[in-house]
(Lines of atoms letter the chains of each structure in order from A and count residues from 1; the text may use other names and numbers.)
(Lines give C-alpha, C1' and ligand atoms only; values in the text may rest on other atoms or scores of the structure.)
Protein backbone atom coordinates (compact mmCIF):
# COMPACT_ATOMS: atom_id res chain seq x y z
CA UNK A 1 0.00 0.00 0.00
CA UNK A 2 1.48 3.31 -1.08
CA UNK A 3 1.64 6.30 1.28
CA UNK A 4 -1.49 7.99 -0.13
CA UNK A 5 -3.55 4.86 0.41
CA UNK A 6 -2.30 4.61 4.02
CA UNK A 7 -3.37 8.20 4.69
CA UNK A 8 -6.83 7.58 3.19
CA UNK A 9 -7.27 4.39 5.23
CA UNK A 10 -6.27 6.02 8.51
CA UNK A 11 -8.55 9.02 7.83
CA UNK A 12 -11.51 6.76 7.06
CA UNK A 13 -10.96 4.77 10.24
CA UNK A 14 -10.81 7.98 12.34
CA UNK A 15 -13.98 9.31 10.76
CA UNK A 16 -15.76 6.03 11.42
CA UNK A 17 -14.76 6.07 15.09
CA UNK A 18 -15.87 9.70 15.40
CA UNK A 19 -19.29 8.90 13.95
CA UNK A 20 -19.66 5.89 16.26
CA UNK A 21 -18.75 8.05 19.29
CA UNK A 22 -21.26 10.70 18.22
CA UNK A 23 -24.01 8.10 17.86
CA UNK A 24 -23.22 6.67 21.31
CA UNK A 25 -23.42 10.16 22.85
CA UNK A 26 -26.77 10.86 21.18
CA UNK A 27 -28.12 7.50 22.32
CA UNK A 28 -26.97 8.14 25.92
CA UNK A 29 -28.62 11.57 25.94
CA UNK A 30 -31.86 10.14 24.62
CA UNK A 31 -31.82 7.34 27.17
CA UNK A 32 -31.38 9.77 30.07
CA UNK A 33 -34.21 12.00 28.82
CA UNK A 34 -36.45 9.00 28.40
CA UNK A 35 -35.73 7.66 31.87
CA UNK A 36 -36.37 11.09 33.39
CA UNK A 37 -39.87 11.34 31.91
CA UNK A 38 -40.55 7.69 32.75
CA UNK A 39 -39.81 8.30 36.45
CA UNK A 40 -41.96 11.41 36.40
CA UNK A 41 -44.88 9.36 35.11
CA UNK A 42 -44.64 6.71 37.86
CA UNK A 43 -47.55 6.46 40.29
CA UNK A 44 -47.34 7.95 43.77
CA UNK A 45 -44.91 6.24 46.13
CA UNK A 46 -46.51 3.80 48.53
CA UNK A 47 -47.12 4.76 52.16
CA UNK A 48 -43.79 4.50 53.97
CA UNK A 49 -43.20 1.79 56.50
CA UNK A 50 -43.83 3.01 60.06
CA UNK A 51 -42.03 1.39 62.95
CA UNK A 52 -43.57 2.60 66.23
CA UNK A 53 -42.31 2.31 69.80
CA UNK A 54 -43.53 3.71 73.10
CA UNK A 55 -41.32 6.78 72.83
CA UNK A 56 -40.59 7.38 69.13
CA UNK A 57 -41.96 6.72 65.64
CA UNK A 58 -39.49 5.82 62.86
CA UNK A 59 -40.61 6.39 59.23
CA UNK A 60 -38.56 4.62 56.51
CA UNK A 61 -38.88 5.91 52.92
CA UNK A 62 -37.45 3.70 50.12
CA UNK A 63 -37.07 5.74 46.90
CA UNK A 64 -35.57 3.95 43.86
CA UNK A 65 -34.37 5.94 40.83
CA UNK A 66 -31.84 4.94 38.17
CA UNK A 67 -30.82 1.87 40.11
CA UNK A 68 -29.91 3.99 43.14
CA UNK A 69 -31.81 3.45 46.44
CA UNK A 70 -32.04 6.29 48.97
CA UNK A 71 -33.22 5.26 52.47
CA UNK A 72 -34.31 8.13 54.70
CA UNK A 73 -34.97 7.62 58.42
CA UNK A 74 -37.16 10.24 60.03
CA UNK A 75 -37.52 10.04 63.82
CA UNK A 76 -40.57 11.79 65.22
CA UNK A 77 -41.10 12.31 68.92
CA UNK A 78 -44.42 10.91 69.98
CA UNK A 79 -46.22 12.71 72.77
CA UNK A 80 -46.15 10.20 75.60
CA UNK A 81 -49.45 9.72 77.31
CA UNK A 82 -48.44 10.32 80.89
CA UNK A 83 -50.76 10.02 83.86
CA UNK A 84 -50.54 11.07 87.48
CA UNK A 85 -48.70 8.69 89.78
CA UNK A 86 -51.05 6.47 91.80
CA UNK A 87 -49.70 5.06 95.08
CA UNK A 88 -51.75 1.85 95.05
CA UNK A 89 -48.95 -0.71 95.48
CA UNK A 90 -47.63 -2.00 98.83
CA UNK A 91 -43.97 -1.87 99.86
CA UNK A 92 -41.83 -4.78 98.70
CA UNK A 93 -40.58 -7.26 101.26
CA UNK A 94 -37.04 -6.38 102.35
CA UNK A 95 -34.56 -8.79 103.97
CA UNK A 96 -31.42 -6.74 103.28
CA UNK A 97 -30.13 -3.84 101.19
CA UNK A 98 -28.19 -3.87 97.92
CA UNK A 99 -25.99 -1.09 96.57
CA UNK A 100 -27.63 1.18 93.99
CA UNK A 101 -25.22 4.07 93.50
CA UNK A 102 -22.16 5.83 94.95
CA UNK A 103 -20.84 9.05 93.44
CA UNK A 104 -17.39 9.33 95.16
CA UNK A 105 -17.63 13.11 94.76
CA UNK A 106 -14.91 14.02 97.29
CA UNK A 107 -12.39 11.50 95.94
CA UNK A 108 -12.97 12.73 92.38
CA UNK A 109 -12.91 16.35 93.54
CA UNK A 110 -9.28 16.07 94.64
CA UNK A 111 -8.32 16.45 90.97
CA UNK A 112 -11.47 17.66 89.19
CA UNK A 113 -13.99 20.49 89.24
CA UNK A 114 -16.53 19.07 91.70
CA UNK A 115 -19.15 21.30 93.33
CA UNK A 116 -19.36 21.79 97.08
CA UNK A 117 -22.74 20.48 98.24
CA UNK A 118 -24.71 19.34 101.25
CA UNK A 119 -28.25 18.15 102.01
CA UNK A 120 -28.29 15.65 99.11
CA UNK A 121 -31.07 13.25 98.15
CA UNK A 122 -32.37 11.14 95.27
CA UNK A 123 -35.67 11.40 93.42
CA UNK A 124 -37.06 9.45 90.48
CA UNK A 125 -39.40 10.10 87.54
CA UNK A 126 -40.75 7.97 84.67
CA UNK A 127 -37.34 8.13 82.92
CA UNK A 128 -35.19 7.14 85.90
CA UNK A 129 -33.58 8.50 89.06
CA UNK A 130 -31.40 11.56 89.62
CA UNK A 131 -29.27 12.85 92.45
CA UNK A 132 -30.09 16.21 94.05
CA UNK A 133 -28.24 18.48 96.47
CA UNK A 134 -27.89 22.08 97.58
CA UNK A 135 -24.81 23.51 95.88
CA UNK A 136 -22.65 26.18 97.55
CA UNK A 137 -21.83 27.88 94.25
CA UNK A 138 -18.18 26.85 94.28
CA UNK A 139 -15.91 23.87 93.76
CA UNK A 140 -13.87 21.92 96.32
CA UNK A 141 -10.62 23.41 95.02
CA UNK A 142 -12.08 26.91 94.54
CA UNK A 143 -11.11 29.72 96.90
CA UNK A 144 -14.78 30.42 97.62
CA UNK A 145 -15.01 27.01 99.33
CA UNK A 146 -13.83 28.74 102.51
CA UNK A 147 -16.88 29.19 104.75
CA UNK A 148 -19.13 26.59 103.14
CA UNK A 149 -19.81 25.14 106.59
CA UNK A 150 -22.63 27.72 106.77
CA UNK A 151 -26.08 26.52 105.72
CA UNK A 152 -27.63 29.67 104.28
CA UNK A 153 -26.22 32.04 101.68
CA UNK A 154 -27.36 33.74 98.44
CA UNK A 155 -25.07 31.40 96.48
CA UNK A 156 -26.87 28.12 97.12
CA UNK A 157 -29.10 26.35 94.60
CA UNK A 158 -30.89 23.04 94.26
CA UNK A 159 -29.07 21.08 91.56
CA UNK A 160 -29.70 17.67 90.03
CA UNK A 161 -27.53 15.37 87.95
CA UNK A 162 -27.40 11.86 86.56
CA UNK A 163 -27.34 9.22 89.27
CA UNK A 164 -23.84 7.87 89.95
CA UNK A 165 -21.91 10.84 88.56
CA UNK A 166 -20.17 13.42 90.72
CA UNK A 167 -21.71 16.93 90.53
CA UNK A 168 -19.67 19.37 88.47
CA UNK A 169 -20.40 22.72 86.80
CA UNK A 170 -20.67 20.80 83.52
CA UNK A 171 -23.26 18.12 84.28
CA UNK A 172 -25.79 19.61 86.70
CA UNK A 173 -29.21 21.14 86.13
CA UNK A 174 -30.33 24.08 88.27
CA UNK A 175 -33.78 23.25 89.65
CA UNK A 176 -34.30 26.39 91.75
CA UNK A 177 -32.37 28.87 93.90
CA UNK A 178 -32.22 28.53 97.68
CA UNK A 179 -30.75 26.94 100.82
CA UNK A 180 -33.58 24.51 101.68
CA UNK A 181 -35.47 22.32 99.23
CA UNK A 182 -37.70 19.45 98.24
CA UNK A 183 -38.59 18.01 94.83
CA UNK A 184 -40.89 15.30 93.45
CA UNK A 185 -42.48 14.10 90.20
CA UNK A 186 -46.24 13.59 89.92
CA UNK A 187 -46.03 11.34 86.84
CA UNK A 188 -46.50 14.24 84.42
CA UNK A 189 -43.97 16.85 85.53
CA UNK A 190 -41.61 17.74 88.38
CA UNK A 191 -42.31 20.14 91.22
CA UNK A 192 -39.32 21.69 93.00
CA UNK A 193 -39.44 24.05 95.98
CA UNK A 194 -36.59 26.24 97.24
CA UNK A 195 -36.39 28.56 100.25
CA UNK A 196 -34.16 31.61 100.15
CA UNK A 197 -33.73 34.98 101.79
CA UNK A 198 -32.74 36.26 105.24
CA UNK A 199 -33.49 34.23 108.36
CA UNK A 200 -36.23 36.60 109.53
CA UNK A 201 -38.01 36.93 106.19
CA UNK A 202 -37.32 33.91 103.99
CA UNK A 203 -39.68 32.81 101.24
CA UNK A 204 -40.36 29.76 99.09
CA UNK A 205 -40.67 29.62 95.32
CA UNK A 206 -42.54 26.63 93.89
CA UNK A 207 -41.53 25.47 90.41
CA UNK A 208 -43.57 23.10 88.24
CA UNK A 209 -42.64 21.93 84.77
CA UNK A 210 -39.53 24.12 84.79
CA UNK A 211 -41.39 27.38 85.57
CA UNK A 212 -42.09 29.27 88.81
CA UNK A 213 -45.75 28.93 89.75
CA UNK A 214 -46.27 29.89 93.41
CA UNK A 215 -44.52 32.01 96.05
CA UNK A 216 -44.91 31.50 99.81
CA UNK A 217 -43.81 34.12 102.38
CA UNK A 218 -42.48 33.36 105.85
CA UNK A 219 -45.23 32.92 108.44
CA UNK A 220 -43.13 32.99 111.62
CA UNK A 221 -40.06 35.00 110.65
CA UNK A 222 -37.57 32.34 111.71
CA UNK A 223 -35.91 30.35 108.90
CA UNK A 224 -38.76 28.99 106.76
CA UNK A 225 -37.52 25.51 105.81
CA UNK A 226 -38.62 22.20 104.34
CA UNK A 227 -37.78 18.52 103.93
CA UNK A 228 -34.28 18.27 102.33
CA UNK A 229 -35.44 15.11 100.52
CA UNK A 230 -38.11 14.19 98.02
CA UNK A 231 -41.80 14.85 98.48
CA UNK A 232 -44.35 12.30 97.17
CA UNK A 233 -47.39 12.70 94.92
CA UNK A 234 -50.64 10.72 94.61
CA UNK A 235 -53.17 11.44 91.83
CA UNK A 236 -51.57 14.85 91.29
CA UNK A 237 -51.63 15.91 94.96
CA UNK A 238 -48.16 16.49 96.41
CA UNK A 239 -48.08 17.21 100.18
CA UNK A 240 -45.02 19.07 101.50
CA UNK A 241 -44.06 19.60 105.17
CA UNK A 242 -42.69 23.07 105.99
CA UNK A 243 -41.60 24.57 109.31
CA UNK A 244 -41.01 28.17 110.38
CA UNK A 245 -39.87 28.99 113.90
CA UNK A 246 -37.26 28.08 116.51
CA UNK A 247 -35.07 24.99 116.12
CA UNK A 248 -35.05 24.43 119.90
CA UNK A 249 -38.58 25.38 120.91
CA UNK A 250 -42.14 25.21 119.66
CA UNK A 251 -42.29 26.08 115.95
CA UNK A 252 -45.07 26.50 113.37
CA UNK A 253 -45.28 23.50 111.03
CA UNK A 254 -47.68 23.27 108.10
CA UNK A 255 -48.58 20.54 105.63
CA UNK A 256 -49.22 22.20 102.27
CA UNK A 257 -50.98 20.25 99.52
CA UNK A 258 -49.95 21.19 95.98
CA UNK A 259 -51.26 20.26 92.55
CA UNK A 260 -49.19 21.28 89.52
CA UNK A 261 -47.32 23.66 91.81
CA UNK A 262 -50.46 25.44 93.05
CA UNK A 263 -51.67 25.33 96.65
CA UNK A 264 -54.83 23.28 97.15
CA UNK A 265 -54.97 23.25 100.96
CA UNK A 266 -52.88 24.24 104.00
CA UNK A 267 -53.07 22.41 107.33
CA UNK A 268 -51.48 23.36 110.64
CA UNK A 269 -49.67 20.43 112.27
CA UNK A 270 -52.00 18.37 114.46
CA UNK A 271 -51.41 15.34 116.68
CA UNK A 272 -48.78 14.51 119.28
CA UNK A 273 -45.60 15.53 117.44
CA UNK A 274 -44.07 18.49 119.29
CA UNK A 275 -41.39 19.57 116.81
CA UNK A 276 -40.98 18.79 113.11
CA UNK A 277 -38.04 19.33 110.77
CA UNK A 278 -36.52 17.67 107.68
CA UNK A 279 -39.11 14.97 107.01
CA UNK A 280 -38.27 11.91 104.89
CA UNK A 281 -41.42 10.81 103.07
CA UNK A 282 -42.52 7.80 101.01
CA UNK A 283 -45.84 6.50 99.71
CA UNK A 284 -47.60 3.12 99.51
CA UNK A 285 -51.19 1.84 99.69
CA UNK A 286 -52.50 5.36 98.95
CA UNK A 287 -50.89 6.75 102.13
CA UNK A 288 -47.82 8.97 102.54
CA UNK A 289 -45.69 8.57 105.67
CA UNK A 290 -43.10 11.13 106.73
CA UNK A 291 -40.47 10.31 109.35
CA UNK A 292 -39.02 13.53 110.70
CA UNK A 293 -36.57 15.16 113.12
CA UNK A 294 -37.59 16.53 116.52
CA UNK A 295 -34.83 19.06 117.03
CA UNK A 296 -36.29 20.31 120.32
CA UNK A 297 -36.81 17.29 122.57
CA UNK A 298 -37.13 13.86 121.01
CA UNK A 299 -34.52 11.20 120.30
CA UNK A 300 -37.40 9.13 118.93
CA UNK A 301 -38.60 10.33 115.55
CA UNK A 302 -41.97 11.98 114.87
CA UNK A 303 -44.17 10.34 112.21
CA UNK A 304 -46.71 12.22 110.07
CA UNK A 305 -49.26 10.05 108.25
CA UNK A 306 -50.92 11.83 105.32
CA UNK A 307 -54.05 10.93 103.35
CA UNK A 308 -53.37 12.75 100.06
CA UNK A 309 -56.86 12.21 98.64
CA UNK A 310 -58.65 13.63 101.68
CA UNK A 311 -55.78 16.10 102.25
CA UNK A 312 -55.66 15.33 105.98
CA UNK A 313 -52.94 14.13 108.37
CA UNK A 314 -52.15 12.86 111.87
CA UNK A 315 -48.88 12.87 113.83
CA UNK A 316 -47.28 10.83 116.63
CA UNK A 317 -43.88 9.40 117.56
CA UNK A 318 -42.23 6.20 116.43
CA UNK A 319 -43.26 3.76 119.16
CA UNK A 320 -40.20 1.50 119.10
CA UNK A 321 -37.69 1.45 121.93
CA UNK A 322 -35.01 1.63 119.21
CA UNK A 323 -34.10 5.34 119.13
CA UNK A 324 -32.88 6.63 115.78
CA UNK A 325 -32.00 10.32 116.15
CA UNK A 326 -28.47 11.60 116.88
CA UNK A 327 -27.56 12.52 119.58
CA UNK A 328 -29.57 10.01 121.62
CA UNK A 329 -29.42 8.22 124.97
CA UNK A 330 -29.10 4.46 125.24
CA UNK A 331 -32.15 2.59 123.97
CA UNK A 332 -34.73 2.45 126.79
CA UNK A 333 -36.62 -0.65 127.90
CA UNK A 334 -39.81 0.73 126.37
CA UNK A 335 -40.65 3.23 123.67
CA UNK A 336 -43.24 6.01 123.58
CA UNK A 337 -45.82 6.60 120.83
CA UNK A 338 -47.22 9.88 122.12
CA UNK A 339 -44.34 11.90 123.54
CA UNK A 340 -40.66 12.57 122.86
CA UNK A 341 -37.97 10.47 124.53
CA UNK A 342 -35.48 13.02 125.80
CA UNK A 343 -31.74 12.80 126.38
CA UNK A 344 -28.58 12.69 124.35
CA UNK A 345 -25.87 15.27 123.72
CA UNK A 346 -24.25 17.28 122.29
CA UNK A 347 -26.13 17.47 118.96
CA UNK A 348 -29.89 18.10 118.97
CA UNK A 349 -30.69 15.95 115.93
CA UNK A 350 -30.05 14.82 112.37
CA UNK A 351 -32.25 14.12 109.37
CA UNK A 352 -33.22 10.44 109.16
CA UNK A 353 -35.85 8.02 107.87
CA UNK A 354 -37.67 4.72 108.36
CA UNK A 355 -39.91 2.40 106.36
CA UNK A 356 -42.89 1.43 108.53
CA UNK A 357 -44.71 -1.61 107.18
CA UNK A 358 -45.73 -3.90 110.03
CA UNK A 359 -43.45 -6.94 110.16
CA UNK A 360 -41.52 -5.47 107.21
CA UNK A 361 -40.34 -2.32 109.04
CA UNK A 362 -36.76 -0.99 108.85
CA UNK A 363 -35.12 1.86 110.77
CA UNK A 364 -31.90 3.68 109.87
CA UNK A 365 -29.56 5.41 112.31
CA UNK A 366 -25.95 6.42 112.90
CA UNK A 367 -23.94 3.74 114.70
CA UNK A 368 -22.59 6.33 117.13
CA UNK A 369 -25.25 7.67 119.47
CA UNK A 370 -23.26 10.85 120.05
CA UNK A 371 -22.00 11.92 116.61
CA UNK A 372 -22.71 11.56 112.91
CA UNK A 373 -20.46 8.58 112.33
CA UNK A 374 -21.25 5.13 110.99
CA UNK A 375 -24.63 4.04 109.69
CA UNK A 376 -26.75 0.93 110.18
CA UNK A 377 -30.10 -0.50 109.14
CA UNK A 378 -32.20 -2.38 111.68
CA UNK A 379 -35.23 -4.52 110.89
CA UNK A 380 -37.70 -3.79 113.69
CA UNK A 381 -41.10 -5.45 113.20
CA UNK A 382 -44.06 -3.25 114.19
CA UNK A 383 -41.78 -0.34 115.07
CA UNK A 384 -44.57 2.11 114.28
CA UNK A 385 -47.04 0.66 116.79
CA UNK A 386 -45.22 -1.41 119.44
CA UNK A 387 -43.33 0.17 122.34
CA UNK A 388 -41.52 -3.15 122.90
CA UNK A 389 -40.41 -3.67 119.30
CA UNK A 390 -36.73 -4.46 118.87
CA UNK A 391 -34.34 -5.41 116.04
CA UNK A 392 -34.33 -8.88 114.47
CA UNK A 393 -31.86 -8.12 111.65
CA UNK A 394 -28.94 -5.73 111.19
CA UNK A 395 -26.87 -4.45 108.28
CA UNK A 396 -23.90 -2.08 108.44
CA UNK A 397 -23.94 0.59 105.72
CA UNK A 398 -20.99 2.72 106.91
CA UNK A 399 -18.63 1.52 109.64
CA UNK A 400 -18.19 3.60 112.77
CA UNK A 401 -14.66 4.68 111.80
CA UNK A 402 -16.13 6.90 109.06
CA UNK A 403 -18.40 9.93 108.91
CA UNK A 404 -22.02 9.77 107.80
CA UNK A 405 -24.60 12.58 107.95
CA UNK A 406 -28.17 13.11 106.80
CA UNK A 407 -30.16 10.18 105.43
CA UNK A 408 -33.51 9.90 103.72
CA UNK A 409 -36.00 7.76 101.83
CA UNK A 410 -36.84 7.56 98.13
CA UNK A 411 -38.60 5.08 95.84
CA UNK A 412 -38.61 4.54 92.08
CA UNK A 413 -42.39 4.50 91.82
CA UNK A 414 -42.22 3.80 88.07
CA UNK A 415 -40.15 0.61 88.29
CA UNK A 416 -41.93 -2.32 86.67
CA UNK A 417 -42.69 -4.24 89.84
CA UNK A 418 -45.74 -5.51 91.68
CA UNK A 419 -44.69 -3.47 94.71
CA UNK A 420 -42.78 -0.28 95.60
CA UNK A 421 -39.19 -1.16 96.50
CA UNK A 422 -37.85 0.98 99.38
CA UNK A 423 -34.57 2.83 98.80
CA UNK A 424 -32.52 5.21 100.92
CA UNK A 425 -29.41 7.36 100.72
CA UNK A 426 -26.77 8.36 103.26
CA UNK A 427 -24.91 11.67 103.10
CA UNK A 428 -21.18 11.15 103.70
CA UNK A 429 -20.02 14.50 105.10
CA UNK A 430 -16.35 15.48 104.84
CA UNK A 431 -14.43 18.60 105.81
CA UNK A 432 -15.37 21.00 108.56
CA UNK A 433 -16.15 20.93 111.45
CA UNK A 434 -14.67 17.47 112.09
CA UNK A 435 -11.80 17.80 109.59
CA UNK A 436 -10.57 21.37 110.04
CA UNK A 437 -7.42 20.98 107.94
CA UNK A 438 -9.52 21.92 104.88
CA UNK A 439 -11.60 25.06 104.40
CA UNK A 440 -14.75 23.44 103.00
CA UNK A 441 -17.68 21.29 104.11
CA UNK A 442 -19.11 18.95 101.48
CA UNK A 443 -20.35 15.41 100.93
CA UNK A 444 -20.57 12.39 98.70
CA UNK A 445 -23.61 10.10 98.47
CA UNK A 446 -24.30 6.39 98.73
CA UNK A 447 -27.72 4.89 97.92
CA UNK A 448 -29.12 1.40 98.49
CA UNK A 449 -32.40 -0.39 97.73
CA UNK A 450 -34.27 -3.29 99.27
CA UNK A 451 -33.61 -6.93 98.42
CA UNK A 452 -35.59 -10.06 99.23
CA UNK A 453 -32.27 -11.90 99.52
CA UNK A 454 -30.14 -11.88 102.66
CA UNK A 455 -27.02 -10.02 101.55
CA UNK A 456 -23.86 -9.33 103.52
CA UNK A 457 -22.75 -6.05 105.07
CA UNK A 458 -19.95 -3.80 103.83
CA UNK A 459 -18.82 -0.30 104.62
CA UNK A 460 -19.73 2.18 101.85
CA UNK A 461 -17.80 5.10 103.38
CA UNK A 462 -16.66 8.19 101.48
CA UNK A 463 -13.04 7.07 101.11
CA UNK A 464 -11.34 10.40 100.32
CA UNK A 465 -7.93 11.08 101.90
CA UNK A 466 -8.20 14.59 103.32
CA UNK A 467 -4.40 14.87 103.42
CA UNK A 468 -4.42 15.04 99.61
CA UNK A 469 -6.32 18.36 99.78
CA UNK A 470 -3.71 20.16 101.87
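The count begins at 1 with the first shown residue.
Every residue, even glycine, has its Cβ placed from backbone N, Cα and C.
Site annotation for Ca(2+) in Swiss-Prot covers 294, 298, and the matching candidate from 307, 325 is 325. Counting only the Cα atoms, the space from residue 86 (N-linked glycosylation site) to residue 146 (N-linked glycosylation site) is about 45 angstrom. With a cut-off of 8 Å between CB atoms and residues at least 6 apart in sequence, the same chain places 118, 179 near residue 151 (active site, proton donor/acceptor), listed in sequence order. Residues belonging to the region 'Hypervariable stalk region' (36-88) score a mean pLDDT of 52 in the model.
Across the structure, residue 146 (N-linked glycosylation site) and residue 201 (N-linked glycosylation site) are spaced 26 Å apart at their Cα atoms. In the shown protein chains, 11 other C-beta atoms lie within 10 A of the C-beta of residue 201 (N-linked glycosylation site). In three-state terms derived from DSSP, residue 146 (N-linked glycosylation site) belongs to neither a helical nor a strand segment and is classed as coil. Residue 402 (N-linked glycosylation site) and residue 201 (N-linked glycosylation site) are 37 Å apart (CA-CA, integer value). The Cβ of residue 402 (N-linked glycosylation site) has 373, 374, 428, 459, 461, 462 as same-chain neighbours under 8 Å, each 6 or more residues away in sequence.
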